Amino acid sequence: MQEYPTASPPSTPLTYRLPLEDEDEDEAPDHRPISQLWSTFMKKLPINVQWIQDNWTWSKVKPVLRCAVVAWLSLIFMLIASTEHILGQASFLILVAAFLDPPSDPFISCLERELLILFFSTLGWAWGTLGVFVANQARTNIVRDATTAQILTGQYVEAGPTVIVAVFIFFGTATLLYIKARQGPGPFLVSTVFGCICLDLNLTTAVLYPYPQYQSGRAVVLPLAFHAGLCLVLSAILFPSTITAQYTGTLVRVLDPLHDALLEHRRILQISPCSSGFAASVSKIGGLVNKSDGALTPSAAALHLLKHDIVWGRFAPTDIGGFQWWVRRLVTRANGMGIFFTLIEPTRERFPITPVPSRLSTPGHSRPGTPAPSRPTTPAPSRPASPVQSRPVTPGPSRPETPSPSHMRTVTTSGLRIETPEPRHATPMSDFAEVTLGSPRRSNRHDEGAPRRRKQPRSASRISFRHSLSRHLHLPAGGHQSDAAHDQHLHFSLLHLAHSLALTRVQTASSLETAVGVFESQRYLALEATRLRRPDSGETTEQFTQLLSESCDELLGGCAEAITGVKEWMAGVRRGRFGSKAKIDEERRRRLDDLIALRERLHEVVERFREERRHRVLDPYRSAFDPHHVGSPNGAVEPPPHRYLFHCFMYQYHVMEFGILLIGLLDEIIRLEHTYPKARLWTTRFPIHKMFSWSRWDPAENIEREDDEDPDVIQGIEPEWSQDLGFTSRRDPDALPPTNLFQQVMSLIHLGITGLSHGNAVFALKGALLTVILCIPSFLRSTAQFAYGQRFFWGIFMGQLTLARFRGDTTFGLVARIMSTFLGGVVGMVMWYTSAGSGLGNSYGLAAVCAVCYPVFFYGRLYWPGPPMTNAIFFVTAALVVGYSWQDTHFPFTFHYWGFDLAWRRFVLVTAGVTAAFIFSFLPPSTTLRKYQRKTLATTATELGTLYCSIVSFANTRGHQELDKGEIMQALAAIRMKLKRSLVLKTNVIYEFSLRGKWPADRYHKILDIQMQLAYLLSHLMSVVEHLEPAWSRAFLRRTRFIDSDFQGDVLAVISMISTSLRTGNPLPQITPCPLLDRFMAYTHGLNVIRQEADDDYGLPRTMTMDTLENEQYLCFSVGVTTAFGIIMRLDKLMVATKELVGEQYHIHGIGLPELATDADEKTPFMRPHKEA
């Protein structure tokens, strides 16, 4: 049996680099001193080129070489005269397609994408052919022997056929753009682009001919067909890869940060929370977990085609796909481990206080110890629940027994004179401290460099054993008169502060806003003053952190070793398929023995933790509840408040679940090793028509980088789930449901007409109208010759594809396309003149130049972390300049330009097209990214409320009617993915310039961050209720008031108000059911499971004993209460954050605030305000 030492881990952390996909072990780079010098040099460059080194592995280079070979062979097809004639007038498209659609993915992905491209391009050709046929019926002058020169003059353009062609362009473009917007990011994006190109080229050319010309679309489809053939052949024979290999590689990238995070957890628990590096370590852990969570998106996208993979190996692709469930849960548990650091100082989260301007007379800004009215903590966008952004507070001297004038300061705000205690220590509420009603806390922690506070005499820190038990069991007991006096004075001062906040107006650089959230802020200040009697104790926190380290260090080490073993297995899952039978069997037995031994070691560690080590955190409570310690000399010390125990339970639960999940994952791996001893050919077992189906509900691999997305759709949530559980059924206020067939038909027609006003339909119609307007020069007899000769077609489809659903994306497209076209044209000219000099081009020189440049180009095309649009347009333009220059110099038609003449014409036409799209985006109906952000947050808020109800229902119906927990977990993961996606799209908001004022980006980010935290907390709550037995589940629901209809009515009303307000932009009422926390903690429990006065105890103990504390069900119960508290508090924070965005209405003067004291009666005692307004 292997022991994991509890000493600090080695100074050099364990690093293990796994080759991805089918990379060989001996091909890993050799890290020598010169590589370190190179890394230092790369970091000192003025631009970020770290991505070059990060992707410099053989597994990443192989797709680059494959794409470069495809592009170079495409060029060869153009250089050979016979194949050039076969490709036709648009032969350069084969080179453009190589950069726009590189074959960097496995064979099945390429097959899906290429078939879709051919389908939509031929669909555009077919629709255009139908339009040509119909237009020809209206033509009055049919001349079949007209020459090309006569046709291109535009003399045969007629009004009737041109109008018909314009109608076909409008509806064809609207359909393709609607599909592009509705399907969102995915394989349909590039396919619809080529469909639009084929449609535009076919129909804008057909108006010139005095007879039906059906072959124009062939010039587009044929080069794309050659490109598809090259991609499929090369992806199958040159460095072939599979979806399974790609998927296992993404799983390894998920597990790598988790391994590093576990090592960091072992280190951070062994240092003092008061040390200067504690917050930085917490931030590092959060970053690693967030990195792991971000890697889940590509793995989820790979699952779409994994069931269709064709592979030779021992394991079925569907079996490998089952690891997604395990890995996703591991990431969620890793996030739960980080919640512990949001509950303790100095990384504890604070509740936001209503902002007030920075004035000398404002008490909130005078000293660092007062409740800071600054904006609340906002974690990094990529990390949902970062606890380290909070600024640690430097405590001052210890509190005197009674407030004295020397420790008071007088502040005048808005005509009021307020006396408040001199700031000693920050006192905002912790995430769970409010549950510990009446639990006193000592504050004797000191930071480095801060003056050490004077400790109180030991006798003052002790009370009788009877008082200790009475406090924890909530029996009547005497209290400290000095503490009560101080708390009363602090309470009155905070209420004065709340009123001063209400009367203060916020002045910013651009606006004058009324303070919002005053009602909630003053309630939270009152709760803090009356429920938190003492600031947190640093010494107690250090004591429990040390006990937590002693109890969890061995398990953390075992989990880290298990993750290393799982990574090794996943990295080698595709190896050992070929070789002698004896060698393969020997390798399999060795690997199986190692996995079984690893599983047994981890199982022993987990069992030892569950039976012994996790009880270490109970040592401070044995003096109160252990009969062997009661009455002993050491047992007279007051046990710590129970919140410290609940915090440790939160960490222990997630660490324990992390280990149990790893055991289950190893069991699944061992099962696969036993089940599939021999390799075989695995083929798809699904119908062909389902093989390439794609739904807008499916997650895409590049979902965090693509443009255009529906704010009302959350990719990854099944539509049935959204319809059945998400939005309530809407009734038509103007008509009852149809009762006969005629009414049903009319209702469907009405729905179809009103559907045209939805976002995707409006965008499609607007884009189609823009396309028709841009085609006008090609439709007029006087300008048709010039438009065709100067390739106005480039401007048409560039403007057509630049227009996006949101104005910010269109403006970004303007900037990106102009810049990329200019730079790409320069690079293309350099390549052309390097190969051709002053001549008309040399096939050998051009082939040699491209052979050198293409590997570099595709390395940037695949791995440059910039915007995908800028990336693609840059390389496509460079390829177009080279390809078109060769075509016009060797196979000229009507466009005789190359090199510089070609590049600048391309730049002018692209600029004209994107500028037209930019101007057109301002015309109504115009949709902005600002509105997209609000609607997305409204959609996610609604789904979070739905999932909250589902989880509570799951806990309330255990053993009767259980819901599908898998769908709940999948929906929560999809919401987190959607929020991350909206965070990426927010970057383009800066392109939506507004004369009304600056966009409140911080307020939107605050709402997004709180929703992300809620999504994680709901995942943790679901995990807890899964493990609670029915009796404990009922006790949990009663303690948290989750089965209290009055309380749940308030919770659901808050969620509904937030969602509706975000969707409509309407202000919220000034007085709402918030703060929900006030109702949540209406009853006190302490360590007890059941209140003494409760009618039913569900068979659970009413009196606290050590056996109850050591019960694993009690641990789950405590974690559930802590998690529920976090959810309720974040709903309160979400309400305040939404009010900051949309404002308040329905003011009632004098409601919700205490009466104010004047100078004449400032000694008159104040009445505490009622809970209800």
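Just so you know, glycine gets a Cβ as well, placed from its N, Cα and C.
Taken from TrEMBL as is:
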- 404-415: compositional bias 'Polar residues' (COMPBIAS)
- 50-348: domain 'Putative ER transporter 6TM N-terminal' (DOMAIN)
- 786-920: domain 'Integral membrane bound transporter' (DOMAIN)
- 926-1146: domain 'DUF2421' (DOMAIN)
- 353-464: region 'Disordered' (REGION)
- 63-80: transmembrane segment (TRANSMEM)
- 115-135: transmembrane segment (TRANSMEM)
- 159-179: transmembrane segment (TRANSMEM)
- 186-208: transmembrane segment (TRANSMEM)
- 220-239: transmembrane segment (TRANSMEM)
- 761-780: transmembrane segment (TRANSMEM)
- 811-832: transmembrane segment (TRANSMEM)
- 844-862: transmembrane segment (TRANSMEM)
- 869-887: transmembrane segment (TRANSMEM)
- 907-925: transmembrane segment (TRANSMEM)
The transmembrane segment (907-925) vs the transmembrane segment (811-832): 3 or more CB pairs under 8 Å: yes
Leading stretch by Cβ pairs under 8 Å, where the reference is the transmembrane segment (844-862) and the options are 63-80, 115-135, 159-179, 220-239, 811-832: 63-80
Beyond the flanks of the transmembrane segment (869-887) by 6 or more, those residues with Cβ under 8 Å of it: 71, 75, 78-79, 84, 91-92, 94-96, 98-100, 707, 812-813, 816-817, 819-821, 823-825, 827-829, 831-832, 836, 841, 846, 850, 857, 860-861, 895, 898-899, 902-903, 906
Mean of pLDDT values spanning the domain 'DUF2421' (926-1146): 85
Long-range Cβ neighbours of the transmembrane segment (761-780) (under 8 Å; 6 or more residues past either end): 154, 157, 162, 165-166, 169-171, 173-175, 177-178, 181, 200, 204, 207, 755, 786-788, 792-793, 795-796, 799-800, 803-805, 913, 916-917, 920, 923, 925, 927
Helix, strand and coil residues within the domain 'Integral membrane bound transporter' (786-920) as assigned by DSSP: 111 helix, 0 strand, 24 coil
